[in-house]
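These notes concern the structure reproduced below.
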Amino acid sequence: MAHVTDFKEAGFNTLLEELEWRGLISQSTDRDRLAEALNGEPITYYCGFDPTAASLHIGNLVQLINMRHLQLAGHHPIALVGGATGLIGDPRQSGERTLNPKDVVAGWADRLKNQIGGILDTEGANAVRFVSNYDWTASMTVIDFLRDVGKNFRLGTMLAKDTVARRLNSEEGISFTEFSYQVLQGNDFLHLFDEYHCTLELGGSDQWGNLTSGLDLIHKVRGVDVNVFTSPIITDASGKKFGKSEGNAVWLDATMLSPYKFYQFWINRPDVEMESLLKAFTFLPKAEIERLVEESKTNPGKREAQKTLAWEVTSFVHGEAATQAAIDASGALFGRGGNLEDIDEETLESVLDGFKVVDENGEHVFPVSKPGDRVIDAAQAAGLFKSASEARRAIKSGGVYLNNNRIEDEEQVLAEADFLAGRFALIRRGKKALGAVENR
C-alpha cells in the first residue's frame, strides 16, 4: 500500500514544517498564527470541490493530499461539495463557464463524494464530514442574500481580485453570475464557522481571492481571525496547468482514466520532476525521498524514483489491487512477466488503447481481424509492417510474436482462442514495436 504517515513519522517537528518542505503551501495568512493553529488542539478545516465535471483531477488531488496530512495530524476535515457554487462556476482566467443542468450537477456531486471518501478516512474520531452549500444557499432569497451577505462586501475589493480584474480587462468580460461567486464562497466559510467552528480553509493558489473573501467576512461580522492557505498549481513540462478546462486532465475516476493510464502518467515523468513530485504527491518520509532523488541522479536508468512515485500515487487513489494490476498488465504487454490472459477486459482495452489506428472517417479505432485471418495480414493492419513480404522476413528471423508467443509459420492464422477476452490479439515485432487487432 501507499505509505501514509503523519508529520512525526515523516521526520518533521511540526505539520507546517512538513507541508512547506513538500511544497504544498503557496500562500497563507499570518504564518505564526497558522502554525499555532496547526500545532495546537485539533481544529476543523474545509476544502471545497465544485461538481463542474464527473470527476476530480490531479489538481484537486493536491488539495486532498493536504486534507489527508491534516487529518493524519488529528484535525477534523470537512469536504464541501458545491451543490450551489457548482451551478455557477468560479471565474476562469479566460472564457465564461458553461452552466450545467441541476440534475447533472447533482449526479456529479455524488460521484465526487465517492472519490473523496475513497481517499480520506470516513470513519473514526476525525472522519471527513460531507456538506453541500446548496443546503444553506438554495432557500436564501435574493433580498436575504443582498441584505445579510452582500452588504459586507466592498465593490472595490471585489474588483481588485486577480481573476476578476483580468476578466474585466479582457474582450469577453465577466458576468454578474461569476462575479458573485466570491460572495457565495465567503458565505460558505462563514456558515461552516458558525455551524462547526471551522477556522481554516484550503484551496488552490488560483482560489486565493475567493478564500480571502471568507476570511474578511468572518473578521467583519464575527470579529474572529481565521486562517486560509493555498497550494501551488500543478503544471506540465510546458508550464500549462493540468486541469479540466485545459483538455489534458488526469482524472481520478477510474471510469474516465483507467488505473493503468493513471499509473503510466506518473511512471513516465522525467527525472527533473522527481524531487518536487515525490515531495508533493507521496507521504514518504523525508529521508526516503532524499534517497530516491539521489538515486535518480546517480542511476537514472533504474528509474526507482519513477516506479516508487507511480506506485505511491496510484495506490493512494485507486488502491493496491488496481495498482498491481496496472503493473502486471504493463509487464505482460512486453513479455516481461505476467500473463496476458490474466488481464481483465477493461484493463486490457485501456492498455491497448494507444495502438488504435485512424480509419477512413478519421476515427481512432482498433484495426479489425477475424479468426481465420493470417497473422501477417493482422500485423500489417496493426501498422507493424508495410508489406506481407516484410512480415514474412521478420517471422523467418524469429521476430514476430502473437500474444507473446513467437510465430514460426508464415501462414499461421488467428484462432478464436487468440483473441484475449474474446476481443483483442496482441502482435509484437521485436522487443518494443506493438500493435493490436480487434475481433468485431
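The backbone N, Cα and C atoms fix where each Cβ goes, glycine too.
It should be emphasised that the depicted structure is a prediction, and the values quoted were computed from it without experimental measurement.
Of all ranges given (121-125, 166-170, 236-240, 241-245), Swiss-Prot attaches the label motif ''KMSKS' region' to 241-245. Reduced to three states, the DSSP call for Gln185 (L-tyrosine binding site) is helix.
Taking Cβ-Cβ distances under 8 Å and a sequence gap of 6 or more within the same chain, the neighbours of Gln185 (L-tyrosine binding site) are Gly48, Thr85, Asp90, Asn210, Leu211, Ser213, Gly214. Mean predicted confidence for the motif ''HIGH' region' (51-60): the pLDDT average there is 92. Largest Cα to Cα distance within the recorded L-tyrosine binders Tyr46, Tyr181, Gln185: about 17 Å as a whole number.
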